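Below is one structure, written out as structure tokens; the observations come after it.
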Amino acid sequence: MAAQQRDCGGAAQLAGPAAEADPLGRFTCPVCLEVYEKPVQVPCGHVFCSACLQECLKPKKPVCGVCRSALAPGVRAVELERQIESTETSCHGCRKNFFLSKIRSHVATCSKYQNYIMEGVKATIKDASLQPRNVPNRYTFPCPYCPEKNFDQEGLVEHCKLFHSTDTKSVVCPICASMPWGDPNYRSANFREHIQRRHRFSYDTFVDYDVDEEDMMNQVLQRSIIDQ
């Protein structure tokens, strides 16, 4: 999927097939890559989750991660919040429709969605067993800003805090990209804040990639449910 670009109204602009493939992209926060939670529109026109914006405002001279203009506290995006409350999407498991504001709580308890996740993990494992050389490295990661590499998750977080605290370039998260559920082409508008919010823990704490297939699937499933 191509990197998202947002207009002054905060809606993601995707052209052609990309727009059709990601019709809900305009409801996605460019920092945490989740559906907006308490969306706030800042003076430059872009929108962030309230909690994500607070993190982005912490530097002495904060900038918008999308357009790099000076960042300041914003106002509640009431219209966008209304759209999140009224826009429907379907559960990949049971295929029932739910409002965006309700889908997370639904999938956490939907047994068919859990089966959908298991089938996806099973397919990933099967493909990896057929092409072992293409299995992504989930233990060490390169810095997306510079040539440094071989960081564990915690090391990558610390490296970016120390050496890239002012770099606002949109980059692909190497941790997300290595996971079965990750999108290797999705660029986070503020990668440093993204990894601090989304990767405070190591996946190895929850998933042992050396255990048998069934145990691994169950561990990944539990992690995905918790993250919803």
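Glycine is no exception: its Cβ is also placed from the backbone N, Cα and C atoms.
Here is what Swiss-Prot says about this protein:
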ZN_FING   29-68  zinc finger
BINDING   Cys91, Cys94, His106, Cys110  Zn(2+) binding site
ZN_FING   91-110  zinc finger
MOD_RES   Lys102  N6-acetyllysine
MOD_RES   Lys112  N6-acetyllysine
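Features recorded in Swiss-Prot, as mapped to the structure shown.
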residue	record	DSSP (3 states)
Cys91	Zn(2+) binding site	coil
Lys102	N6-acetyllysine	helix
Cys110	Zn(2+) binding site	coil
Note to self: Roughly how many Å lie between the Cα atoms of Cys94 (Zn(2+) binding site) and Lys112 (N6-acetyllysine), rounded to a whole value?
What the structure shows: 6
Check: Given Lys102 (N6-acetyllysine) and Cys91 (Zn(2+) binding site), what distance in Å do their CA atoms have, once rounded to a whole number?
Finding: 11
Notebook entry, point to check: Looking only at the zinc finger (29-68), what are its DSSP counts of helix, strand and coil residues?
Noted result: 7 helix, 8 strand, 25 coil
Checklist line | Integer Cα-Cα distance in angstrom, Lys112 (N6-acetyllysine) to His106 (Zn(2+) binding site) | finding: 11
Checklist line | Residues near His106 (Zn(2+) binding site) in space but at least six apart in sequence (CB under 8 A) | finding: Cys91, Lys96, Phe98, Tyr113
Checklist line | Other C-beta atoms that fall within 10 angstroms of the C-beta of Cys91 (Zn(2+) binding site) | finding: 16
Item checked: Confidence summary for the zinc finger (29-68), mean pLDDT rounded -> 89
Checklist line | Fewest-neighbour residue among binding-site residues, criterion Cβ within 10 Å, set Cys94, Cys110 | finding: Cys94
Next item on the list: Around the recorded Zn(2+) site, report the further residues of that chain (criterion: Cβ within 8 Å of the mean position of the Cβ atoms of Cys91, Cys94, His106, Cys110; site residues excluded), sequence-ordered.
Entry: His92, Gly93, Lys96, Phe98, Ile103, Val107, Thr109, Lys112, Tyr113
